[in-house]
Structures are given as structure tokens and as C-alpha cells.
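Pulled from TrEMBL:
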type	residues	note
TRANSMEM	B:253-276	transmembrane segment
DOMAIN	B:256-373	domain 'ABC3 transporter permease C-terminal'
TRANSMEM	B:297-328	transmembrane segment
TRANSMEM	B:348-369	transmembrane segment
TRANSMEM	B:390-408	transmembrane segment
TRANSMEM	B:414-439	transmembrane segment
TRANSMEM	B:460-484	transmembrane segment
TRANSMEM	B:701-724	transmembrane segment
DOMAIN	B:706-819	domain 'ABC3 transporter permease C-terminal'
TRANSMEM	B:745-771	transmembrane segment
TRANSMEM	B:791-810	transmembrane segment
Amino acid sequence: MKDRIGSALYASEVSKIVDGPDGRLTILERVSLEVERGDSLAIVGASGSGKTTLLGLLAGLDRPSTGSIALAGERLDALDEEARARLRRSRVGFVFQSFHLLPALNAEENVMLPLELDGRDDARERAADALARVGLGARRHHYPAQLSGGEQQRVALARAFVHGPDILFADEPTGNLDQRTGAGIGDLLFALNREHATTLVLVTHDATLAARCARSLRLREGKIDETAA
Amino acid sequence: MRPLVFAARSLRREFRHAELATLAMALVLAVAAMAAVATLAARVERALVASAAELIGGDLALGAGHALPAELAQEAQRRGLATNRLAEFPSVLFANERSQLCDVRASDAAFPLRGALSVRGADGVEHAAHAPPSGSIYADHAALVALGVAVGANVQLGGRDLVVAGEIAKSPDSGNLFRIAPRVIMNLGDAEAGGLLGAGSRAGHRLLVAGDTDAVAAFAAWARPNLPSGARITTVEDAQQNLRNAFERGESFLRLAALLAALLSGVAIALGAQRFARRKTEEVALLRCLGARRGEILAALLLELALLAVPACVVGLALGLGLQQLVLELASGLLPGAPPRLPWGPPLAALAVGVAVLFGFALPPLLRLRDVEPLRVFRRDLAARVRRFDVLYLLPVAVGALLVLYGAGNARLAGTLAIGFAAVALATFVLGLVLLWLVRRLATRLRGALRFGLANLARRRALTLLQTGALALSLTALAVLGVIGPSLLERWRADLPADTPNWFAINLQPEQQDALRERLHALGASNMNLLPLAAGKLVAINGHAPQPAEKSDRRAADFIEGEVRVSWSERLPEANRIVQGRWFEGAPAKPSISVEQVWVDLFGLKLGDTLTLRFGDREIVAEVTSLRKVEWDSFRANFFLMLDPADGEQLPHSMVASFHLGGDGAAPLAALSRDFPNLSLIDLNAVLDRIRDIIGRVTGAASWVLGFSLVAGVLVLLAALAATADERRFEAALLRTLGAHGRQLATAVLAEFGTLGLLAGGVAVVAAAVLGSALAGGVFKLEGYTPPLGPLALLVAAAAALVALAGWAGTRRIARASPMAVLRRA
């Protein structure tokens, strides 16, 4: 594993097993993958194939039952939840299907959040820049409820990139948007990704979006589908 | 569908949800508060009323400010009734260079006619007793402790040396809640021989009668027309009524405090029920979709609520009854004899209140579930039809109003209270809005977790205001009782000048006054004031005999039936101010009198009216020539009625002295008491300390009940927390995902709830300060009173800490939410 630590993301023989009412249930089975810095990977598969579970494990939101993961050069299994939070705060960005903006905060404050959690002083200026970059400079004082779905996802993109993460995890970023808006968000996502030279891991059902990634990985019943192209 | 089975299964599964636990807790609290207060009140009242015969000491009492003629007792004995003659007066007991003001009862050997007196001898053995033989007294534990003596010791009373023959263990009327001083029982003959009952003494004389009910009634009928002037008959029924009246005010305060707890519990229940209904919406839609009828669904919901209510009510009842039993045990001295059996009425009423609160506040959101469309199964965004006005919203209002009416006991007080509650609620709302606006402004200047916490407050505005209101109400009550009240009393006492009279000497004969004045001067007494005192009876006002029954104010009736005390002076005494008319100059052509404002108000007197007063066999018709106002808190001897000196001097009288004596006056006054054996000395400091002690105890007891309302206020907070738990869990998970660490999440929670506590505490302090200032000006007549800012600030800090702690405890589990929840929620 040591020689792989230089890659942006490395997973080795990762499994996730949970206890259900009818005994143990294997959600992911011996998944291994590697993503180089600046690379982009799409994870695709049917519902229930384990995509979201894998994304959560790769981003350090959950711990695998077996196997190990290294994120931005750090072994996740060696870190406790607090340390993983610290890693996410400085190195990771997220985009969600349902945008997940905090309703109590306005657009600018939502974007400031990762910077503030990291204790940076220039949060407001950088958030304003990031919002201007996604075309919402004029709406930075609006609350999520006052924004359309597409606009909310653009705020979420600004939040994801504002602290210059090494790696971005996106979970169905266009899943809740109509086709046209979704395409616009896709364009913006890849443009920002290029600009920031960020590594991108994307879970999606959207074949077009998946095709824009350098690589694609298909899951079937918790295992990597070797038959896929 | 079998509603009962379905309800039982649902309850089993759903009890772990916070809202049902909140509902149950609120119900427990409401029932416990009502049960404790109502049961305790009923038992104390019953005990007092049942012991009325013991309290008056017989089946009938004849009382007067002077010795009663012997014919009365002889007539009673002729009718086969037992009699007991006694006199009661305050006097100071001296021993070991110490002094103690005592309530002295001087009695013949027949005492007690009703109830039992038991005393503990030097051997510590308790035995039944009658009034002590000549040369000895019985004293209660408090008196012995204060003087540092034991049974067998010598003490001085009224200038005589007496032996303490026993410690009073139990005495009829020992349950007098408002008795100021320790009790001493002495022989009537000793008191008479010592001059303690001489003319002008303030002793109350009583003839007690007991025996066959018909004979007592016949004797009462005979005695009424034969009563000497100033004498009064008290029956057991009168005593019961008086006790009830005295008791009712205290009780209604406690009931209102319990009511506040019940109403706040209602708010918590409403919040819990709303959350419960929201959670049930999907289930109801599905059941409707699968063909369940509305009636069946409603029945299942109501049954689930009832299944929850039964154990909660039982637990609440047990808690309340246990608590009142504890209070009874702790305050056993409060009640005469053993406490009466547990009554059924109040606990049942508490249960009824619990059920009313539960259904009154929980039904509206549950009944709204009738409107859930089966189509919601397919379209989750299909909200229940929003009605602009739903008659159901009136249900909690109606239940609340009924409870206020029940708690207040009468419609007028209920109306005042309802308006009061509404005013406080409105003030809280407005003040809360302003503070929230400030919080919002402040939040934008803060960073990260702090800002997030404060922004949460501003976002859930309605809930924030509700929580603030509930907490503020209970905190206001606590602040008024715990901080403002004592500070007002303290300030009032501090406002008294340093040489405010602290001793009264009564029962002094006119020829002794110069000698006493000299002695007091030699002892260093200051601010000395000597006034004559004549006791008489009010016969007529403007020629018409006043009727006690026509007077609604009990004091007026007392003045008409009882004794009136009159004084006179060449000059207008200090602390008196003429409001109308002029003070006496020289010897007037006909008797003139000056009347104090209290009498002016009670009897509607004006200048030129006449008062006919009888002193012994002498009658004086005096014209009202001036109206006065007295500063009663000057602690000087003051009188409602003052005659012109020329006519006053003609009356048989004694003297009253008031003076200030620094340090511990007990030792020099003991010598004084020996030289003036007829003199009764009253230590006002001891009286004031005792009053403060009683106030302290009463407020202490009331604080416990107010504690219930504070818990209820916190419960509203927790209910509101439960109502937003899902949202909070998700937000915590999102912040975790974005890399927030535990400390940052804790900061956000503490900022949010600490600020909420500050808001509630702030509103409460403003309300309490306003009330305090109003009381200071209106009741205590204190100028420039500043509420004690230190303790109030402490209260705000404590409130903030309490609420922050409750919030933190309530959200601790939430903050540990797995960040994976963010990905799982689409």
C-alpha cells in the first residue's frame, strides 16, 4: 500500500457487511480501485448496487468492514472520526443530489462554511468570489428557499470548490434537476474541476455525465462488474 | 382493522420516539403538580377545619378585651356545661440574661376542654396535663431553646420568678400557622396576681364552654343578649369560616403556580402531538389507501394516546401524592394532630386536569389527520388541506380558559389572570421579536459554528418564541418570588431609620410613666414615645348603631363587635399627618375626635360626623374634627382614633411606650420587668425576624411548586427539540460531512441554546423588574427602588446555563449522527 499512497485515492479489497434482521448482509465485496491526482472516475450501477455506500467509504464518512482506503495520502483506517473530519475539512469537497444547503444560512454563508470550519479569516471574500464564479454574485444574500433547484446546486458547487479541495465527491449531482439545468450543472462541475485540477469521483445514473469522466466503474450487487467496458 | 391491537402495537414501536416520551413526561408533570398542590391544600384545610373546636379550645368561646363577668361562667355551669377561663397576651420571658417574646396563655385548671395537652417532664417522659399549678409554667421547645434553659429551671415572667414545670409536647391550637412567638402556659391566678391582666392590659380574655350540643346552643342563645360591651361569641362554625378565609389566599397562589405548570405541560403536549401527527401522516395515508375507514384510524390514534395516558397519569399521581406526603412529613408542625386521611377528590381532579390537558392540547393535530388524502402515498408533496380557520384550534384555548377558571376559583380573578397571562405572552412575543432581530444582526458578524447556532434560532422563529415564552413565564414567577420579593422586604427594612422603635412596653399605669421614662433614659433608650390608651366600644356612628353584618370588610365588623382603643395627645404625634380639618387646640366645647384614614375608608366618615363610644359606664359622643394619615411603618404606637386630651384624661387608661434600645436589650430589660411587674415588653425585632422567617418558609414552599413550572418550561424546550430532531440530526450530519469536529458542533448547540436561555432570562428579568418597580411604588411606597441587578443577572446566567445544558443533553445523540445520513437522504 505504501507505494500507492501518492495517488489521490486508493482502495484495497474494501468490503462492507451489516447485520440485518435476516442475518448478515454484504453490501460491498472486495472492491479495489485507484484514482490518480487530477483524474476523474464515474461510479455507475443499478439502484442498490452499493454505489452510495462505496462513495461514503471512499470519502471517509463510514468505515469499511474489511480492507483499507487511503485518501490524499492518508490511511483512513488509522484515523478516528475527528481526524477524518479534519481531513475532509481541508482536502475534500462534496456535491449532493439534494444540494443540502443549510436553510438557516444564506448563499454566501453556506459557501463560507467549509472555510470557517477550517478557521480561515478570508472566508467572506473567498465565498463571494466563488459565488461570482458560478454566476450567483448578485444573489449571495438569498436564502436557499429563495433559490431554484439549479441555483441551489450552483451554490453547492461553489461550496464544494471554495476551499480548494484535492478531491471532490459528487453524488448524483444532476439527479434532482431537469435535463437542461442538469446539463448546465454538469458543464459547470467539469469546468471547475479543470480549473482547480481537482480529482473527481462521481456517482451517477446519467450516462452522459459518466461519459465525461476519464474512467468509469460499474458496480453490480456490491462487486465491480468486470464485464463492463 | 382492530384499533386496540393496532394502537398497542404502534405504541410499543413508537415509544422510543422523542415526541411520545415528551407527551408522557408532560402529562406526568401536569398530573403531579396538580395532585401535589390540590391534595396538600385539601388535607391542610381539612385538618384545620376539623380541629376548629380544638383551635378555639371548646365548643363555644366568649371573648373580650377585658375580664368577663363571673355570671357568664356561672350560668354555663348551671346548665351543666364545663367552663374554662383564660387570658392570652404577649410577654417577654427572661432567663440567663436572655429574653424571648412569648405568647402567654394564662388559664384556670380546666384547660384544655377540647383536645389534649401533653407535656414532657424533666425525665423526658410525656404525660397528659392541665394548666400548670401556681408558681410554675409550661413552655414549648422553641422558648426553652431561645432562653437556653431546661425543664426545672427558673424564669421571670411579669416580674415573678416561676419554675418551668414541663415542656409543651402537644397543645390544642398548636397548629396556628400565623402564630408569631413560642407558647407559654401559666396559671391564671399568677397572671392576675402579677398585674399582667390589669386595666388597659392588651390581654384577650376568653371563657370557653363545652358540653352537650343542645345545651351549648341554648347557652349561646342566652348569652348573646347578655354579653358585656366589647365581648364576642365565636362558634365552631365561625372559626371554620375564618380558617377557610385565611387559608384560601395562600392556597390560590399555590394552585396558580401548579396551573402554570399544567398549562406549560399543555404546550409541550401540543408540540409533541404535532410532531407525532406529522410522523403519522404517511402511515395514515397508506392505511387509507389500503382501505381503512377514517373512524377506525381515528379510533386507533386516540386509543394509542389513551394507552400512553393511563400509565403516565398513574406515575404523575404517585409522584404528586408522594411529594405532598413528603411536605406534610417535613412540616409536621404545621398541622394540629395527625394529618387527615388522603382525600379522593383532589387526586381525581388532578387526573381530570391531566386528561383535559392531554386531549385538549393533543387532539387538534391528531384530528387533522382525518384530512390526509390516500393519494399522498403517491405524491408526498400533497400536503393536508390547509384551512384558514379550524374550530379545533379553539379546543386548547377553551381547555386553558377552563383550567384558569378552575385554578382561580372565581370568574373575576380568572379574567384578571387570563388578561395577565395574555399580557405577559404578548410582551414576551414583542420582546422576543426584538431580541431575535438583534440576534440575527449579531449572527452575521460572528463566525462558523457560533453563527450557525444563532442563525438556527432566528430561522425557527415561531418555535423560538414559544420556547422563550414558556421559559420566561416560569422564570418570571421564580424571579418575582425568589429575588424581587425578598429584596423589596430588605429594602423596606433598610429604609427604616436607625432609631426606629424596636421595643413596645404596654400595660403601664399612668402614675408609673415618669419612673419608667427615667429608667429608660438611663438605659440609653432613644426615640421614646409614651401615649395613653383607653379601651372602649363603638356604640353608634351619627347616632345609628353600626351593623357588623352590613360590612363586607372583616376589619369593620371586628371594630364594631370588638374593642376599640383610643388615645390622646396635646400635639399631633410624629408620623401622623392631618389630611382634613385641624388638630385640637385647648379644651373644646364638646368632645372632638381625630380619625385615621383606615377608619375613614371602612366607615365612610367625614368631618362633622359623630362617633358614640362607651368606656365602662361612660359614653362620649365625639365630633370628627380632623382626618389623619399615619405612617404605620414608623413602628411607633399609633391609633386609629384620637380624642381631644381634655376629654381623654377623664377616661380610665393605661400607657403604651415605644422606644429604641441598641444592642441586646434583654439583660437591662429583665431588671426593668422585675421593677415594673405589670409591664409587658414586646421585642419588635424578634417579631420582625419571625415574620421574615415565616415569609422565608412560605416562599420556600412556593418555590417548590414554582419548580414544577420551571420543569414544565424546560419540557416545552425539549418538546420543541423533539419536534425539530430530524432536521437537527441531518444538519449535524451535513456539518460533519463538511468536516466539522465535535467541538464545533457542541459550540453551535451551546450558542443556540445559551442564547435562547439568555432571551428567556432577559425577558423574565425585564418582566420581574417592571413588576418589582410597580410593587415598590404601589405597595411598599419605596422611592427610587432599583431591582437587585446582581441576583437578577445571576438568574439570567443560570437560565442560560440551564437551557444550554438541556439543549446540549437533548441534542447530544443528534450530534453523533453518522455523516452517511447525508448521502442516504435524497
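First residue shown is number 1, and so on along the chain.
Keep in mind that glycine also has a Cβ here, set from the backbone N, Cα and C atoms.
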Have the transmembrane segment (B:253-276) and the transmembrane segment (B:348-369) got at least three CB pairs under 8 Å, pairs 6 or more apart in sequence?
yes
Do any residues, 6 or more residues outside the transmembrane segment (B:348-369), come within under 8 Å Cβ-to-Cβ of it, and if so which ones?
23, 26-27, 30-31, 34-35, 38-39, 262-263, 265-267, 269-270, 272-274, 276-277, 280-281, 284, 297-298, 301-302, 305, 309, 312-313, 316-317, 320, 384, 390, 392-393, 395-396, 398-400, 402-403, 406
Surrounding residues of the transmembrane segment (B:297-328) on its own chain - C-beta under 8 Å, 6+ positions past either end:
1, 3-4, 6-8, 10-11, 14-15, 20, 23-25, 27-37, 39-40, 43, 280, 284, 287-288, 334-335, 339, 342, 347, 350-351, 354-355, 358-359, 362, 366-367, 369-370, 701, 704
Could you give the number of helix, strand and coil residues in the domain 'ABC3 transporter permease C-terminal' (B:706-819) as assigned by DSSP?
95 helix, 0 strand, 19 coil
